């Protein structure tokens, strides 16, 4: 299994002397030092006894499963919310009071228990949803485990053990890796079995291509991309076989560190800006409710506690428990009125509707609160590969030889995908390809192991993306006889297949790092055997002695032509193009009769890769191509849109600096001629910057290349500390910690790993950066609509509080009972509030800077407006209650048809003294099909008899809130300029809410539950007459608001943050 094992063949280092690779950098030591440190021989591997000892020290090679939160703790966490705690307290108190409901309480039987039961139901549903979301949070860690290898081929006790469970590996184990294997642990490459080894580790490091590995040690301070002699757990071998030494297992591997970082990031997840505002609102509401409830109760102390003064001292105290309980119930009703119970449900509904809108734009929301957070995004940290670019290598330039020596021809190649029909070659000689171009096409098609297939309407590569791009180029070049329709549904690579039929491949000289080229021998249809070579331009050119001209003739490669080719190569490299050169020659004389048979004498030369350089000599150079991972077509405009919207774009990539800079210039992150020396840093360079926050505050775009997971996390952490709202994109395992830490984690739906998706808040179905920008615009629109219905619901609650407070202050019977207020808050207000989520977005929504994350939901002016509206609601609901008791008519509307008795306002305000009134009598009155008579106890007229007045109050409240929802269409815009039909859903919602109110009014059973009765036509006219003025009042307030907006708001300048500091 390789050489060099004799030095340490019988050595076994004491297990306790082993150290983690953090202190022993295996990548910085040669192979013999590593074997000695881990006490192992490549030929024998570890002994069984030594494996057992190391198992005790290092444990199993698997990722830790964090202790899950107990279901009891999860339930308790759901009540760690101010609004929820207020609701819980109100429910408990209401439940207790239901048992002690006195004669003056008025609520009997089932009605008394409806309120607490409904509140408990709300809390239970809220808790279930919360627990479900919490249990989904650990899926990122579970997905991470799926990446781990399940089995490994290991040398133990001198015997090769196939299919050993990978979890049983320990540091020091000798493992054999073959093509297609998933790497089971972090390992040092100690010997190559094949001539070359390539590993796909982009999901861990962010590199766009498979990386060649070597046995040679590297600098001890190398970053993860620079550790060319290491292979990492979870990555995949795509080419070659090798022998490795396990250096780290389990949580000590790179993927284990990612696991730890995800756990750490999950512990630091913050509430969304809206949740913070609602929590603050809840805390303020708690204090206000407490004060008002206490005030209401104290105002009415005189009704249940009295005393006489004797000799200047209070004596003969009289206390009525029933009345005390009754007024305490009024205080509880006030609490119920003040709490917007329906708000959580409406917010969830609006966010859910927002997810549907975003899904139509290919943005799949995984976590509902992220919909709102998107709207205040100030910085987008984007990965390059696959997000800004297509992650599909494409040829962008083709350089061929000219008609005479010392001349070159250059062709620009369009297209950004593996679709052969995507773009064309500019100025291409269709149907009349010269001999030089034919040779380039032949080499690109045959010296190639990749394939392109059509899957689900998309073209995907099988094999190396670079080679797939070459085959796509061949299809765009067409065929000499004029066959240019390269692709069809059943035959994607027609031209490549035709070349393969004409030139039968008989041998392959595999790529290796030393000669940096690949060659194939072909048996041509012309009867000649040729060697076709592709590889690094400098290396292929160095082994070339001739060049092929346009007409197919060859000339000796002189220094001028060599310099011309190298200069063109240099110019293309400045554009971050990866260049591949093409050459050919007649096969060496030893292979003149070779047909691929293993019995041929020349076949032995092919078994030794050291012979390949001599075989690939005396070549004829024919041309070269420049390839790249091209930027997506929509990205440049999307980045310009971000700039207009006040959102900064930072590119954070694991790719090399020059490639990333070229892409950033092309897509508009940087200007073409801009000095970016202070804006483009590697991850390591950024970590060495003294004032990192100041660096991140630079206006315009920033680039961080060769970035490791820790660099991404640090950038996100610093931005969040500086008050930015950060959206982070990523697709790899290495991105997961930063995705979890960011305010908005955005994963790629097509190329993204399951780990990245599970750690994210948003998944892009099309992997397209421009989709993020569209989602941000949608998020802003949703937030504006949420702000509209939150303000609407809060203003409604202010009105209810004002109504109850006025009732208590005036001393009249309570106009509305808690169950009625609960119905209004949960059901009646729900449809209009939800419909406000359908308000059309502002046309200039992406031309405004992002709102501040601490932007107030309710400004002082808005609060004043709703206090005015709330006061009117209180006056209207209490006023209609008083009108029914004290007037036969109002505004010409006859109210005497039901035959109820009139009382004076003084009697109504002192109804508690009714029993002391001499000769007080009331007439029976009708409500619907019921007749109410109070002959036995006339004082019941102010309790059971208030049912009609209470119905009027409730109906006025419902009607005002419906009309007030029209006011909420726009913060300052008049209904004249923004009429109700701009949102037809709102008109439908108003009809639904009125319909629901009619149901509880006119269905006898429900009317009994809610303590109301049907209203006559005249009574409905009274309701409308009292309710409609709310529109006029708010129109006046909006007009004042428009006139004074310049005084109340000032624009936020770009330097605002610096001034604040």
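Every residue, even glycine, has its Cβ placed from backbone N, Cα and C.
Take the Ca(2+) 1 site that Swiss-Prot assigns to 797, 800, 828, 829: the candidate from 661, 666, 671, 961 listed for it is 961.
Here Swiss-Prot gives transmembrane segment for one range in the set 927-945, 984-1002: that range is 984-1002.
Membrane topology taken from Swiss-Prot puts residue 113 and residue 1003 on a shared side. In Swiss-Prot, the feature transmembrane segment is placed on 858-880, out of the ranges 720-742, 743-765, 858-880. Proximity to residue 383 (active site, 4-aspartylphosphate intermediate), judged by a C-alpha distance within 10 Å, picks out none of the binding-site residues 797, 825, 828, 961. Apart from 797, 800, 828, 829, 961, the residues listed for Ca(2+) 1, the same chain places the Cβ atoms of 793, 796, 799, 821, 824, 825, 957, 958 within 8 Å of the centroid of those Cβ atoms.
By the Cβ criterion (distance under 8 Å, sequence gap of 6 or more), the transmembrane segment (817-837) is not counted as touching the transmembrane segment (858-880), fewer than 3 such pairs being found. The separation of residue 825 (Ca(2+) 2 binding site) from residue 800 (Ca(2+) 1 binding site), Cα to Cα, is 10 Å. The transmembrane segment (951-970) shares more Cβ pairs under 8 Å with 1018-1038 than with any other stretch in the list 858-880, 984-1002, 1018-1038. Across the structure, residue 961 (Ca(2+) 1 binding site) and residue 735 (Mg(2+) binding site) place their CA atoms 48 angstrom apart. On the backbone, the CA of residue 735 (Mg(2+) binding site) and the CA of residue 339 (Ca(2+) 2 binding site) stand 41 Å apart.
For the recorded site, residue 961 (Ca(2+) 1 binding site), the DSSP three-state label reads helix. Across the structure, residue 339 (Ca(2+) 2 binding site) and residue 797 (Ca(2+) 1 binding site) are spaced 7 Å apart at their Cα atoms. Summed and averaged per residue, pLDDT over the topological domain 'Lumenal' (881-950) gives 86.
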